[in-house]
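As structure tokens, the structure follows; a few thoughts come after it.
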Amino acid sequence: MALVSYTISLHDNISAAFPATFSNHGHFPAAKLTAVAVAIALPSLWIRDLSSISFLSSGGILMSAIIFGSVVYTAVFGGVIDDGRIPVLRLGNIPTVSGIYLFSFGGHIVFPNLYTSMKDPSKFTKVSIVSFATVTALYAALAMTGAKMFGPSVNSQVTLSLPKHLLVTKIALWATVLTPMTKYALEFAPLAIQLEGSLPSTMSDRTKLVARGLMGSSLLLVILALALTVPYFGYVLSLSGSLVSVTIAVTLPAAFYLKICWDGMSKFTRVANLGFVVLGCVLGVLGSFESSKLLVKELIRVHS
């Protein structure tokens, strides 16, 4: 579902990058160009070397930095004078927002691969802390900047709210288009490794590579079809976060830690982790329900 959200983002931003092209031809040309972009990214799913995949994903980090810099530049020099204001807290939106927030921290599935591919795995904890702290600071700064500039009228992706005439907006849009293309291989890697491990040992490496590539290609085509069928970034992102990321990032880590280290835990640690398990379950259920309801309402509205 994360890759579906990435592909929806690609579609939305590639449409915004060519507004004159798509305004006269409707939705279909944008879908065709999205398919071309996905096809360009398709060969990356055939890569087996994790270091090469990591190098490719580092392009995603560069794109994220460009997007952040573009938004901040627009806020400072772009002449956006709308002093948007939003309420500090909306309790009714917490289930939906929690899914979106935790989606951004749901990369735990690739942690084992990152750990084993590190030159010095003993530094994994330090790297994780620095990475999470940096990302949290950037997310907070980006969210506050977007809210300050556009208020409640901000789009689900802030790049779509930036002034269309600015060059920096074009740069941000293309950076957002390229970001998903750098992430497909990294997100697919854990599944590919699991697949290769389940194949018969009598298979040649070439045959395993073909099987891996065909599965990845088929999966990406399904993701493309889903993204074009349900192109509602905010709702799909929230549903992905509530349904998957909350479980991966909150519930399961705390539950496994309790299971493995129960006897050696202090009372406070036990209570804290039990609290995380309960909180994760509550947010997951409520967030999935609310996001699904909003998504269904949007589908009914569009097709009615």
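Don't overthink the numbers, they just go from 1 along the chain as shown.
A Cβ is built for glycine as well, from the same backbone N, Cα and C atoms used for every other residue.
Curation does not apply to TrEMBL; its annotations are automatic.
Copied from TrEMBL, the annotated features are:
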DOMAIN    2-288  domain 'Amino acid transporter transmembrane'
TRANSMEM  28-47  transmembrane segment
TRANSMEM  59-81  transmembrane segment
TRANSMEM  93-115  transmembrane segment
TRANSMEM  127-151  transmembrane segment
TRANSMEM  171-193  transmembrane segment
TRANSMEM  214-233  transmembrane segment
TRANSMEM  239-258  transmembrane segment
TRANSMEM  270-289  transmembrane segment
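Ranked by number of Cβ pairs under 8 Å to the transmembrane segment (28-47), the listed stretches 59-81, 127-151, 171-193, 239-258, 270-289 are led by 171-193.
Residues 1-2, 4-5, 95-96, 98-106, 108-109, 265, 270, 273-274, 276-277, 279-281, 283-284, 286-288, 290-292, 295 of the same chain sit 6 or more residues outside the transmembrane segment (239-258) yet have a Cβ under 8 Å from a Cβ within it.
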